[in-house]
Structure formats: structure tokens, C-alpha cells
Ligand code: GLN
């Protein structure tokens, strides 16, 4: 276990960071604005802010709104892709969806035309194909398999799909529908479009807390085994594919800037969640609904940037920069 004084120090840093990032003023880069454009129900929750960490040895930290549940939205793409890999193996999945960052927004209608496939599974087009690859006899069974998988990743056997969020998405989903029809006409997607959309959106509607999100990250940091339960959630052979694709494509069209500034493999969703994965070290779960123009949580990005800077968490930083537990105490 992490030593008690180190644990306390990290907890105090989390508290101080959560406080300092609560005022959004001064967080945005010049010219950026806070947009909470989607999903509309998150607008009313814009003040919520939770921050949690789970170490691979099971030590946990949490501060702020860590009891509230929010839908995974795009963070689910990581786990849908993981199950597609498990169901079909890497080669078959690569035939259907690539591993190249597209540099385009999450809902863009662009494809790798040379290979007739979406660029990567972290944007909607690629996630719809990944959902298409999840096995099951019915849409409900496929959604249930994704839910079961997320229960392993979070360590919460009671995890649920938020039925209201799913319903709302199913009725306001023209763009994903259009994208699906186009992909089916191009031979990228097969079978029933509505069923497939149901599976994809059911995964987006799985409701987690910030600590659960950090446990999901910690499971990926811990070689695919949930450090809280000891259960394997992801076969070892797919770990590096999932985490490397996530780290290149997880922050949409801000992925390059994120990799450079923050340097923590991460995936965000439009409900304001960000899951961070520090391989062999710990997982982060941040939740705050105000979004920047890329669809990433404004406070989430700010808090991760500051955590990375203070603790020297950038995965490509010189090891001497790592100051985990050795950062001076906040005033
Ligand atoms: N459910 C959302 C959609 O498909 C997820 C998008 C996101 O989080 N970026 O549009």
C-alpha cells in the first residue's frame, strides 16, 4: 500500500486542486468558450465536479461530487472496442476499424477510404462498427454483455444502464443514424441499424461515479485486472491495443494537444467525464459537465493538466520529474 503520509498528501492535493479548478474563469485558453451543448440534461448539472483516483495497489482518493452518477457516453467506446477485440481477435477487428487518429471531431463523417473502414474506434463511426462486432443473440443481450464487462471494470456488480438517458438518445440521434446508414451502404456496417444503435447507445448510457471511472482506468493501468476485486476484465493480449488507441484518439480532435500538454492516456465523454490511465500506476476519474469546443470537460482538462504538472505524470517525462507523494503541501 501507499504509505499513509503519502496517501494524505495526495488527498490534500486532490482537495486543493478540486477547489482551485472549481472557478472556471481563467481555465480556458484565450478565444475558447465553455459549451455545454450536449447532452442538454447535463446543462443543469454544470456545477457538479468530482475527482477520484485508484492506485493499482487498491489505494483510493476522492473529492467533491463522487456519489453522483453520469452516463459514460464516449468513454464507453474504450470498453466496446475491448469486447469487440475479445469477440473477434485483433486481425478481424482491424479489417473493420483502424487505429489511426483522424484529427476530426467525434461525430465527423470521415472514413479511411483506402481500407474502407472508420479511422479508429474512439470516434462515433468507429464505435458503431465496434458495437456491430459485439456478439449476442439480440440487441439486449449484446448490451447486457457490455454492461457485464463494465461491471468487471468498475468492480460494481450493481452497475446499470440509465434507461432515461438511453431513451432520450434513441429519439434524438439523427446524426448517428445517418452515419450508420451511410456506413452500411459502404459495407462497413452490417445488419439492423436500429439494433446496432441501441447497443452503442446502451453502452453510452451506463451510469458511473467518478470513483468507478477511476477504477476502470486503474484496471487498464493494472494489466486488465481490477485492483479492487482481483478479477480480470480484459484479456492480457488486448491491453496494449486498447490503451494505445485510447491514448492516440481518446480526446477527439484535441488528442495531440492533450498528449503533449498532459501526457496521460485518457478518454473523455460529453457528459463531462474523463478517464485517465497511468500504466502500472493508477487510474483517474474526473467528472464535470461544462464542455470545451472539442466536447471535453473544461474543469476535467484543467485538473488533469495541473495534476500532470504537479506530480510529473506525463508518460514521456523524465523519471526525475515524477513527484508523486513528494509534492509540497498546499497552503
Ligand atoms: N452518445 C454520444 C453520441 O453518440 C457520445 C458522444 C460523446 O461522448 N462524444 O453522440
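The backbone N, Cα and C atoms fix where each Cβ goes, glycine too.
Some features that TrEMBL has for this protein:
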type	residues	note
BINDING	74, 124, 176, 200, 252, 270	substrate binding site
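Between the binding-site residues 200, 252, 200 has the most other Cβ atoms inside 10 Å of its own Cβ, all protein chains included. Listed binding-site residues: 74, 124, 200, 252. Those with a CB atom under 6 Å from ligand 1: 74, 124.
Counting every protein chain shown, the number of other Cβ atoms lying within 10 Å of the Cβ of residue 176 (substrate binding site) is 22. Within 10 Å of the C-beta atom of residue 124 (substrate binding site) sit 22 other C-beta atoms, taking all shown protein chains into account.
For the binding-site residues given as 74, 270, the lowest number of other CB atoms within 10 Å of the residue's CB is seen at 270.
Largest Cα-Cα distance over the residues recorded as binding substrate, namely 74, 124, 176, 200, 252, 270, equals 18 Å.
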